[in-house]
Amino acid sequence: MRRLKSIHGEWSSQGGFFLAATGAVVGLGNIWKYPYIAGQNGGGAFLLVYLVCLLLVGMPLMMAELLLGRRGRGSPPAAFREIAMDEGRCRPWAAVGIFAVAAGLLILSFYSVIAGWGLDYMWMSARGEYRGLDATAVQGVFSRLNDEPWRLLFWHSLFMAMTVAVVSRGVRQGLERASRLFVPALFILLSVLGLYAAVEGGVGRAMAYMFEPDFAAIDGKVVLIALGHAFFTLSLGTGTMMAYGAYLPDRVSIARMSLWVVLADTLAALLSGIAIYPLVFAGHLPVMQGPGLVFTVLPSAFGHARCGDLFGTLFYAALVLAALTSAIALLEPAVAWWVERGKSRAKAALWVGGGVWVLGVMTILSFNIWSGVLILGHTWFGLLDMLTGNLMLPVVGLLIVIFVGWMIAGRSLRQELALSRAAVRVWLTVLRYVTPVAMLLVLLNALGLIRGGI
Ligand code: TRP
């Protein structure tokens, strides 16, 4: 196949790509999910299982997505169509790309509302609003916030505006520049917060919670949890890595970059745990995950700790930065697709961002005015969360694995990966036989069709 060129430009260097991709993978999941699932499921033993899942399933799949993107040099639908035609496969494979892009936009629509919570908490924290409050009182703060659609709308709009502003500036001036600034800032903030938490106490229990290995806790269910999280945390199945791969210079090693990104993602997850759990234990607060942890438990921890206003503000700033660098990665594939069809980047970013903003408004309403409206037993927010995470992403992941593992000629793969024959063979064997089974299990588990019965 002749070498294509991306019409969107390229990352300036492998460092630029590394920071952008790290920004894309490090998100809310690293902060509010990993430390908890590790703590609940065997600590250090879970970490080991999780690392195996990352290296055996996550990394090969990330390589597959990057490879597709770089070979097709375009947005996910365009890259899929280009490669399918070139390999003599049928065009409808492009539908996988479209499906991936759609999943990304749906996720962005509620990610932005959650990031909006983060902005509001940053502001409250800076004003010392939850100083001295206990967990029940903070619970009240959170439900009051969700009872105010206009307030949620304000922050959601601000966050979407920032996301659109970055994406409309393009690959180098927008995505890469923002990542060069925000990703190091995020890691510095997490480290500072980790040190602060260590000084405030509770560190021993937090370390034991996250790292003390309990191998007896590992069973089929725990492996499925680790697999599912490894997949989600690497932002696979949304076309993001395909789009980011399309801007990867030819000479950069896909395997090496994937490994670094996986390591950076894991580092962020561990740092988050070290920043969060000492405070939780020191304050004798309930151990939780997700929004409950970040928006009801932690404010009360910061509300009682020394200089809690300052460090609380820094914590929510870190959360917002993590969300922002993921949000631009969720918006980019759709925008790139439209640009390829002749739209100017600024207009495409504005219109797609506007559409996502409207969807986000539905999420906002589902917290208050529409909280009684249930679709298949879920609110709009619950439905989107479930539909994307449990269905769309694993399906896309599975189809990508099948496409790259079985539909592309070995010669093309070798050319793109530029690894030794033996290394490509190992990767391909894993991609053909291990990854699809793992993805299928993730899917069946997410759909509730297996209950850890393996
Ligand atoms: N990996 C992100 C997290 O850990 C969430 C996510 C899933 C994502 N798919 C994505 C982010 C695609 C950006 C792009 O929270």
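The backbone N, Cα and C atoms fix where each Cβ goes, and this holds for glycine too.
Automatic, uncurated: that is what TrEMBL annotation is.
Since we're looking at a predicted model, the values are computed, not measured.
Straight from TrEMBL, the features:
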TRANSMEM  12-32  transmembrane segment
TRANSMEM  44-69  transmembrane segment
TRANSMEM  90-114  transmembrane segment
TRANSMEM  152-169  transmembrane segment
TRANSMEM  181-203  transmembrane segment
TRANSMEM  223-247  transmembrane segment
TRANSMEM  259-280  transmembrane segment
TRANSMEM  314-338  transmembrane segment
TRANSMEM  350-371  transmembrane segment
TRANSMEM  391-409  transmembrane segment
TRANSMEM  430-450  transmembrane segment
What stretch, picked from 90-114, 152-169, 181-203, 259-280, 314-338, has the most CB pairs under 8 A with the transmembrane segment (12-32)?
314-338
Long-range environment of the transmembrane segment (259-280) - Cβ separation under 8 angstroms, sequence gap at least 6:
18, 21-22, 25-26, 30-32, 34-35, 38-39, 51, 54-55, 58-59, 62, 186-187, 190-191, 193-194, 196-198, 200-203, 205-207, 209-210, 233-234, 286-287, 293, 297-298, 301-302, 305, 315, 322
Does the transmembrane segment (152-169) reach the transmembrane segment (314-338), going by 3 or more CB pairs under 8 Å (6 or more apart in sequence)?
yes
At a C-beta cut-off of under 8 Å, are there same-chain residues at least 6 beyond the transmembrane segment (350-371) that contact it? List them, or none.
105-106, 108-110, 112-113, 146-149, 152-153, 156-157, 160-161, 163-164, 167-168, 331, 334-335, 338, 343, 379-382, 384
If we skip the immediate neighbours and take only residues 6+ beyond the ends of the transmembrane segment (181-203), which ones have a Cβ under 8 Å from one of its Cβ atoms?
19-20, 22-23, 26, 267-268, 271-272, 274-283, 305-307, 311, 314-315, 317-318, 321-322, 324-325
Who are the long-range neighbours of the transmembrane segment (44-69) in its own chain, taking Cβ under 8 Å and residues 6 or more past its ends?
34, 37-38, 76, 79-80, 83, 210-215, 217-218, 222-223, 226-227, 229-231, 233-234, 236, 241-248, 254-255, 257-259, 261-262, 265-266, 397, 400-401, 403-405, 413, 416-417, 427, 430-431, 434-435, 438-439
